[in-house]
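Asker: Quick one: the structure is below, and I'll ask about it shortly.
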Amino acid sequence: MKKVVVGLSGGVDSAVSALLLKKAGYEVEAVFMRNWDSQLNFDFQGNPTLNDVCPQELDYKDALKVSLQLGIKLHRVNFIEEYWQKVFLYFINAFKNNLTPNPDILCNNEIKFKAFINYATSKLKPQYIAMGHYARLIYDKNQKVSLACPLDKNKDQTYFLSQLKTSQLKNILFPLADLTKKEVRKIALENGLINACKKDSTGICFIGERNFFQFLNNYLPAQKGSIKRLDGTFLTYHKGVIHYTIGQRKNLGLGNFSSGQEPFFVVGKNLKTNTLYVEPNSQHPHLYSDRALIIDVTWRGEKTKTQIQAKMRYRQPNQKVTLNWLDANTLEILYPQKIKAVTPGQICAFYDDDICLGAGVIKEVYFQNQKRLYT
């Protein structure tokens, strides 16, 4: 009997993954990860659960109940230090440099598919590691692995896994690859799992829901600055340019608008002058670009294709792009059709139809060879 270790989060997806693997005849053990401590990490402002039981402890209790239901052993491991050093400091430093990072992707790279796998393989000696992600792995005749989209396109999580190296996908199982979320809930209900109706987790990976402005103030105190039109007209003050992203409409403090008048949208940022630029047009030309520089690229497979698709943010429909490799880990992408709100700091994931080829960090954005003032 082959042994598999499942990352058990307390949620329904990982619970059903463990259930399916046990029914398939595997020897199943589970591991719960604790990666955030509000007291140790000075997470006070913007924390709605500060005076309640820690949400991660509630998740652990759910994971423990599921493991007892399934008759599998549950281990608990603490990656609070690793998460702080490898994920959160990067996240904060990116904001400090006026970028818009995606901590969920870095969390997968450094914690779920690195620290967790290292712990599980060294301590528990399984043949496989399983995760409750909605993703698929495809093997060719030489057993080379590719990351691919799952059956449930609405829950597709390949964007969040896009920067994983090929070595991190070795001996990984995704039991939910051929199931929809509705089917997962149905399986959980039919088998009486205690978390069958539990809401999906939201917010920052392993941290949860926060008042984001207040949360960032724990680590990066806001610096008041000017909100201007592109022509330099002063409108009002903002609470810190790092708190806004390209294309943002809400929380600009520019008042209500009469019927037929568009609200203002963020079309540019300048960290050096601490200035936020806005225009009253959701389709303003300054929101669009036709070229971007991508750095820190992870690529799985050959680099022969130049005409592929890209996703610059989660749930964005795939966009046609042309690749131009500049070196082993840097490329530029061209998209003459123009794309809205391509934002520095975000991850650009690359696809060949349903195969996720890799990803990198958006560094700079251009339109007609002129750099956009987004940072």
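Using the three backbone atoms N, Cα and C, a Cβ is placed for every residue, glycine included.
When I checked Swiss-Prot for this same protein, it listed these features:
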- G7, L8, S9, G10, G11, V12, D13, S14, M33, G132: ATP binding site (BINDING)
- C107-C205: disulfide bond (DISULFID)
- C107: active site, nucleophile (ACT_SITE)
- H133: site 'Interaction with tRNA' (SITE)
- C205: active site, cysteine persulfide intermediate (ACT_SITE)
- Q346: site 'Interaction with tRNA' (SITE)
Asker: Which secondary structure state does DSSP assign to G11 (ATP binding site), in the simple three-class scheme?
Answerer: coil
Asker: Which whole number of Å gives the largest C-alpha distance between any two of G7, L8, S9, G10, G11, V12, D13, S14, M33, G132, the residues noted as binding ATP?
Answerer: 16
Asker: Calculate the distance in Å between the alpha carbons (Cα) of C107 (disulfide bond) and D13 (ATP binding site), and round it to a whole number.
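Answerer: Spelling it out, the Cα of C107 (disulfide bond) and the Cα of D13 (ATP binding site) are 18 Å apart.
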Asker: Using CB atoms and a 10 A radius, I'd like the single residue among the recorded positions S9, Q346 with the highest neighbour count.
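Answerer: When each Cβ's neighbours within 10 Å are tallied, S9 leads.
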Asker: Measuring C-alpha to C-alpha, could you say which of the binding-site residues S9, G11, D13, M33 are within 10 Å of H133 (site 'Interaction with tRNA')?
Answerer: D13
Asker: How long is the line from the C-alpha of S9 (ATP binding site) to the C-alpha of Q346 (site 'Interaction with tRNA'), rounded to the nearest angstrom?
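Answerer: Rounded to a whole number, the Cα-Cα distance is 26 Å.
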Asker: Hey, how far is D13 (ATP binding site) from Q346 (site 'Interaction with tRNA'), Cα to Cα, in Å?
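Answerer: Checking the Cα atoms of D13 (ATP binding site) and Q346 (site 'Interaction with tRNA') gives a distance of 26 Å.
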